[in-house]
Amino acid sequence: MTDSNQPMPLQARKSGALHGTARVPGDKSISHRALILGALAVGETRISGLLEGEDVINTAKAMRALGAKVERTGDCEWRVHGVGVAGFATPEAPLDFGNSGTGCRLAMGAVAGSPIVATFDGDASLRSRPMRRIVDPLELMGAKVVSSSEGGRLPLALQGARDPLPILYRTPVPSAQIKSAVLLAGLSAPGITTVIEAEASRDHTELMLQHFGATIVTEAEGAHGRKISLTGQPELRGAPVVVPADPSSAAFPMVAALVVPGSDIELTDVMTNPLRTGLITTLREMGASIEDSDVRGDAGEPMARFRVRGSKLKGVEVPPERAPSMIDEYLVLAVAAAFAEGTTVMRGLHELRVKESDRLEATAAMLRVNGVAVEIAGDDLIVEGKGHVPGGGVVATHMDHRIAMSALAMGLASDKPVTVDDTAFIATSFPDFVPMMQRLGAEFG
């Protein structure tokens, strides 16, 4: 697993203007779901543009261990021959998801609908993350889960339900992972499985279920929520999937281009699902020059080409209801806020505390060690932007790929270089990050 590797420190130095065109890797959320739904479908699923980072590769290995035929046919081109809903076989060994909470939690939902037993495990970071929020609804549906750790943490053994039950479930927090696990388990249950969320979370699972032939209905629920109803026991059919570029990965070169003066870059095929564009909305409110063109779509997911130019940013207040649409982007937004003029307040960030690290504390520490005034007030992050960042600090990444990439983006425009203690975990989501940024003009050493 990745956490057994030697640390790979790296320093980012003040760079000249960034220029060029790039395509960031395929979206991680779509890549996981394409593999899992391809494995649950009947027939062949061809996937192009799959993210070939460690997290997604571990999901591919897990689907193979569960009985699906999963093979790489070319550069980011994959083919899956599925086993059908409830058709998984008991794996011979534990399913190791490395650092991937998404792959692990979605696979738990998929396995919960098959009458098999599977053990789920991961690296030290994933073992520390809460799983009870996934386990609770799956147990209501008839699955049985045994964990030797407090809070239902990994490693755990999951026995899928022989006769899964449809449920109506209200998610305790806005979470696409909880919602998706319940819906994937609900594929094997007769009748209607319903998930109600008070704040709308990413809807990639719903869109892809429809693409594979499931009947799913989404309705508004309250001011910001959704009610999702799935008709169980469909025959999913294999379908082609084109994976758009990951907006969460595009966030790093995007913010780097905004804060490095004179930059002018283009990012192609970036997903523009409205439940993933909170960062772009916020950056534009801050005064960012971000233009989109060539808007199109595949499998229900829109994508576009973005032109991003160096901009003078101002502080803004980010409302808590925006969090689900940009939960993975707050770290790099904090970097933009540090270079802005004025105070930026990001509200309602409690979910950052249970990511690959406590990202709320880690973000504050990343800024403080580089001379930025920052405060945590409850679940709010307050950044005092001064138009520049002193830099000169060493950032502890805590085995978190997004902390590493955020800190490196910051170092490209800070007064003094910024060092990250370990870049190894960048490979989980963006293996080509450093060379791609160097092609745009970034200076690392």
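Using N, Cα and C of the backbone, Cβ positions are placed for all residues, glycine too.
Since we're looking at a predicted model, the values are computed, not measured.
Listed in Swiss-Prot:
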REGION    1-25  region 'Disordered'
BINDING   K28, G101, R129, Q177, R359, R402  phosphoenolpyruvate binding site
BINDING   K28, S29, R33, S175, Q177, D328, K355  3-phosphoshikimate binding site
ACT_SITE  D328  active site, proton acceptor
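Positions of Swiss-Prot features highlighted on the structure.
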{"residue": "K28", "record": "phosphoenolpyruvate binding site", "Cβ neighbours (10 Å)": "25"}
{"residue": "S29", "record": "3-phosphoshikimate binding site", "Cβ neighbours (10 Å)": "28"}
{"residue": "R33", "record": "3-phosphoshikimate binding site", "Cβ neighbours (10 Å)": "28"}
{"residue": "R129", "record": "phosphoenolpyruvate binding site", "Cβ neighbours (10 Å)": "18"}
{"residue": "S175", "record": "3-phosphoshikimate binding site", "Cβ neighbours (10 Å)": "21"}
{"residue": "Q177", "record": "phosphoenolpyruvate binding site", "Cβ neighbours (10 Å)": "23"}
{"residue": "D328", "record": "3-phosphoshikimate binding site", "Cβ neighbours (10 Å)": "23"}
{"residue": "K355", "record": "3-phosphoshikimate binding site", "Cβ neighbours (10 Å)": "21"}
{"residue": "R359", "record": "phosphoenolpyruvate binding site", "Cβ neighbours (10 Å)": "26"}
{"residue": "R402", "record": "phosphoenolpyruvate binding site", "Cβ neighbours (10 Å)": "28"}
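Looking at the residues that bind 3-phosphoshikimate per the record, K28, S29, R33, S175, Q177, D328, K355, the two CA atoms farthest apart are separated by 19 Å. Annotation note: R359 (phosphoenolpyruvate binding site) sits in a helical segment as assigned by DSSP. Note on G101 (phosphoenolpyruvate binding site): other Cβ atoms within 10 Å of its Cβ, all shown chains, come to 21.
Within the region 'Disordered' (1-25), the DSSP-based counts of helix, strand and coil residues read 3 helix, 8 strand, 14 coil.
Comparing CA positions across the binding-site residues S29, R33, S175, D328, K355, the one lying closest to G101 (phosphoenolpyruvate binding site) turns out to be K355.
With respect to their backbone Cα atoms, D328 (3-phosphoshikimate binding site) and R402 (phosphoenolpyruvate binding site) stand 8 Å from each other. For the pair formed by K28 (phosphoenolpyruvate binding site) and K355 (3-phosphoshikimate binding site), distance between Cα atoms is given as 15 Å, rounded to the nearest Å.
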